[in-house]
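Residues or ranges marked as active site, proton donor in Swiss-Prot: 709. As annotated by Swiss-Prot, 5-methyltetrahydropteroyltri-L-glutamate binding site applies to 24, 25, 26, 27, 120, 576, 620, with the evidence given as sequence analysis. Here Swiss-Prot flags 446, 447, 448, 499, 614 as L-methionine binding site. Per Swiss-Prot, L-homocysteine binding site is recorded for 446, 447, 448, 499, 614. Among the features that Swiss-Prot reports, Zn(2+) binding site is placed at 656, 658, 680, 741. What Swiss-Prot lists as region 'Disordered' is 404-428.
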């Protein structure tokens, strides 16, 4: 096909779309089902309606081929485990008794059965349920969900493309099941898994699928020759099947690298590449392999992970260079639109001119359709859209919101000394022990306590004008009083104020920092029914006034025990926001760090002896390729130290991280120079404690001893057993006892019981240690 004919054949498509509905109907229906207010039929009816509405909206917008199978009640990787029959033994009876309840039990656990481990989906803010596999795993085919959802779309008269997690990525994301040797490689199961995928593909073809999309984002990471050989074998086998649809292998989140020639040569009909994150590298690699003759190329030129309007002229130029490199060039976002909010048009509190800088899923869909039209019919066909887009880009570049000379002058004046603590850690630790007087194995929590219906009502009442600020603050003080009282009675050693005033650990600060915008309806799925509203970091950052000091000092006035000051760190402020793309991330991080440094200084001046600067996103924002990591870690750790570098030696700095594998960033954790770090560890059975020990980590650490993402209450013996496992790696004088993460999403009954058990377990193990 010539470049001209390839352009004429261009179509618009997307890989996936937000699941929740305009009013988060899916979240409400699922939680209603969990609480017994909705039955399974009502939940399924809601889900069917949401899928129908999404597909019809996409088709009406001009999307030629809508995705199916990307919808999920909880997680698409968990759906894949169900599809291939990889049900953990401890959950099989529940799944056999009731498939839906068993599905949710795998995701959330029950009082007696632990859930699957949950971790970040590559370097995004979405979480997936980690498959558990072993040498005895027997796969079986269950394509009912995939076939049914395809049938729903086809019944609407739409062209539909089922989306599956590819077999190589599925195995690379898996981990050894409990009781399986830690060095077991799930990829050794590929030959067992491929026949199941073959059956699924045959079922989908029989159901009417012309194309099936197989997502292989794991191939954008650094891969060994053995892993690349597995990818070659997988697609040689699947491509060689006779009873199958056409195959589109999709990669996203970065450049494809060494896997590109493997997939280019595979007997598949199409390849999807990310031209937002890895544009130059993917373009060069495509040219190096001679393009994709006879194949379909889906070009992800619209950024699927950020919310800024696309530079249409720049994207059209890139698309033009791709013509001639494939038999057909289609236009898409760089990844599933799951990672952005649904519709910017729903925002009412953002200035209209600023709103024109933003593109959520609906606007990105329009950009994709516009680009496909421009590619196929020429720029004259989209002249009006190009002119409007050009004006929006100029408006943003010239806006006073984006640049503050005072902020830029302060950032430029920072020195290396600003990012260093006063005194080496051993001296600081001695000063902190003398000041705090804590027992061995001190107990604490990560920060937040349950956000009750009463708290949400108070915020709603304030927004609606039913109460004034004084009335709202009175309610918050009452909640803080209850949280402090409970912690004292439970016997915790270092307390928190509970963050009752905070709707979200990033949004709370974003609302108080100049340069940020917040949304009303910009919800994005984090996991299951947990949705967040990432703020928009649009301009230079500064702090007009203290943000946390009044609440922290009020809490401290209620107790003689130390109360932690609680801040969100600069890297997490960036990672959990939609960040400006017009300057280097390191520069933006320094601006945020300096604003937070002012807050740290004010907390210390007010008498706060323990200050926690949370950085749960440090690991999850790590670039997917090793070559890109040193530069990231350099600015990320510097930003943390710039935040905390001004405190006295006897002020104890804590940090917290969750939901990640930490082995490859232990040196960076060390480089933060925090006095205490708490980490997620319960679901991974203290793996992180072992990783810290292997690195000879010299400071104090609190690997979590209970999983707060499940409603189950761990018993005293279970918690004590995890604590003893932690002691195998970390000396008692440096080990803290804490949950995995904050308690915001939990209910008060399970929170009380779990923390009381945590304190009892700490006392038990403390006594054992004293008697040994």
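Cβ coordinates are placed from backbone N, Cα and C, and glycine is handled just like the others.
Note that the structure is a prediction, hence the values are computed from the model and not measured.
According to DSSP, the secondary structure content of the region 'Disordered' (404-428) in residues is 16 helix, 0 strand, 9 coil. If you take the CA of residue 656 (Zn(2+) binding site) and look 10 A around it, the binding-site residues you hit from 25, 26, 27, 446, 614, 620 are 446, 614. Non-local contacts of residue 27 (5-methyltetrahydropteroyltri-L-glutamate binding site) by the CB criterion (under 8 A, 6+ apart in sequence, same chain) comprise 20, 529, 531. Here the C-alpha separation of residue 741 (Zn(2+) binding site) and the residue listed as 'active site, proton donor' works out to 8 Å.
All protein chains included, the residue listed as 'active site, proton donor' registers 23 other Cβ atoms within 10 Å of its own Cβ. For the residue listed as 'active site, proton donor', the spatially nearest entry among the binding-site residues 24, 25, 680 is 680, judged by CA separation. Fewest Cβ neighbours within 10 Å among the binding-site residues 24, 120, 656: this applies to 24.
In this structure, 25 is the one among the binding-site residues 25, 499, 614, 620, 680 with the smallest number of other Cβ atoms inside 10 Å of its Cβ. Checking the binding-site residues (26, 447, 448, 576, 620) against residue 658 (Zn(2+) binding site) with a 10 Å Cα-Cα cut-off leaves 620. Closest in space to residue 25 (5-methyltetrahydropteroyltri-L-glutamate binding site), of the binding-site residues given as 447, 499, 614, is 499, taking the CA atom of each residue. Within 8 Å of the Cβ centroid of the L-methionine site, not counting the listed residues 446, 447, 448, 499, 614, the chain contributes 445, 496, 505, 566, 612, 656, 741, 742, 744.
Taking the Cα of residue 24 (5-methyltetrahydropteroyltri-L-glutamate binding site) as the reference point, the closest of the binding-site residues 446, 448, 614, 680 is 448. Residue 576 (5-methyltetrahydropteroyltri-L-glutamate binding site) counts 25 other C-beta atoms within 10 Å of its own C-beta, drawing on all protein chains shown.
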